[in-house]
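Residues annotated as transmembrane segment in TrEMBL: 31-49, 55-76, 88-112, 321-341, 374-397, 403-432, 444-465, 485-508.
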Amino acid sequence: MSDPHESVPPTADAPSESAANTLLGSSISRLISVAVLIVVIVAIGILFYRVMVGFFVPLFLAALLVVIFRPLHTWFCERSGQRPRLAAMLTTGTILLIVLIPAALVLTIGAAQGTRLLSGVNSQNITLAIGRARDTFGLSMQAPEVHRQLNVMIDQLADKQDLPTIQARLAEVEQLSEKLRDTYKDTPQFTAELFEQLDELLQRLRAQAIEMDAPTANVERADVAPANAVLELIGEPMLEQDSGGPPATSDWQRWQDYQQTLVEIDDTNGRLQNQMLGGAIRAELKLLANPSDEAIHIGLVRGRQYLQGQLPSVASATTGFLFHIVFGLVVLVIAIYFFLLDGPTMTRTMMRLSPLDDAYEERLLVEFDRTSRAVVLATILSALTQGVLAAFGYYVAGLDSVVLLFLATTFMALIPFLGAMSVWLPCVLWLGFVDQRWGAAIGLAIWGALVVSTIDNVIKVFILHGHSQLHPLLALLSVLGGVQVFGPVGILVGPMIVVFLQTLLEILHHELMKDREPETAV
């Protein structure tokens, strides 16, 4: 018999189980290590983003300029005997001379002209300009201040007030009505019946005010009327109070009669005003075109306060704001130099570290190059050309602040649908209706419509060479959204982001179709 305590020899599966456990442990350890590494990379990436986000605009512009001027850099490399540092320095200097320095000078001159233009705006100039436009459109009117005061006084009669105040305001309304009668009595618009009706209503309102012993007390009593009371305005009787007493018809009804008469006065005054000013729409236009000096002054003050809130102050422009601009330009120039010098090396390093397939990365780089060279370059050149041509038209037409208008036209030309017309058309209207120089206005309108607003089609067709463009609606939304998120540089960033998204979706579609091909074959 065998010994029951004899050990059983190990089976052949024991080593495989031990190896599996070891492999499982190493896999879990590797997964944990990779997960920790990913968390650390994400955390460092967030910190890196916070550090570099302030330099996004200069770095993006530097990359854009490097791509656009790459043929020039290649030419410098060939001429300098393949000396990359010298070629990078020459290309950077050329970009400074033909792009950055002229842009800085133009912006400085435009800012100076804008400051001078704003400082020259005063109430007298605005009043003169409004008067010229008013005469051109035939919106002049007699006694505009009397019309405004009459409307204000009638509105004030609806406020809670005591009897002496009501009587004083009624007397002022009667005086204003008499002034209007004297002003318009010799005009074809004069209507005696409406004036007589207004006088009768004013007398009735005076009698109703006297009849109300204490208007304020009556109104307060009305304010505490039961919630289920129906006000007598359309002929239905009021319900009794919750206390079960008789309906409160005396004081409350007097106040309602007073308000009803006031409504009739306001309606009669409106019909009288429309009759004298040529209809309801024309009356509103005339009142808008004949503002008071106080209204002009208030509007001017509010406009300056708004601009001061939107634009940097003089102090910040000369200190922090100016330092920020100069520092950004320095970063831009340095980035241009190193992108030209080490751009290929940087690109290869990023492609090596990126988890994307090299073919996809190359396609994204090609798309960035194509978009920068074609779409962005075509947009910028067409906008600059429109700005230059429009500035020539402004100069010939005799407008001031030509550089400021050039900047405004160039900027608006970058925005789809709006374009340069959003600048030169108001200039045409100003020349015609305010300055009364119709010859210059017509000439600028013809120049803007036939030359400025059509040259962009020629330039874009010449530069794009059949490259696909964004849909106009998508282009507009990408520009507006880019400006809202990135500022002025968003005009360029927005469309490029849309193009990159389109490219990534095409890559994803290609991968999905590639995965379906074996299934289809099976």
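Cβ coordinates come from backbone N, Cα and C, glycine included.
Against the transmembrane segment (485-508), stretch 55-76 has more CB pairs under 8 A than any other of 55-76, 403-432, 444-465.
Highest Cβ pair count under 8 Å relative to the transmembrane segment (321-341), across stretches 31-49, 55-76, 88-112, 444-465: 55-76. Long-range Cβ contacts of the transmembrane segment (444-465) within its own chain (Cβ-Cβ under 8 Å, at least 6 residues beyond either end) map to 374-375, 377-379, 381-383, 385-386, 389-390, 393-394, 396-397, 409, 413, 419-421, 424-425, 427-428, 431.
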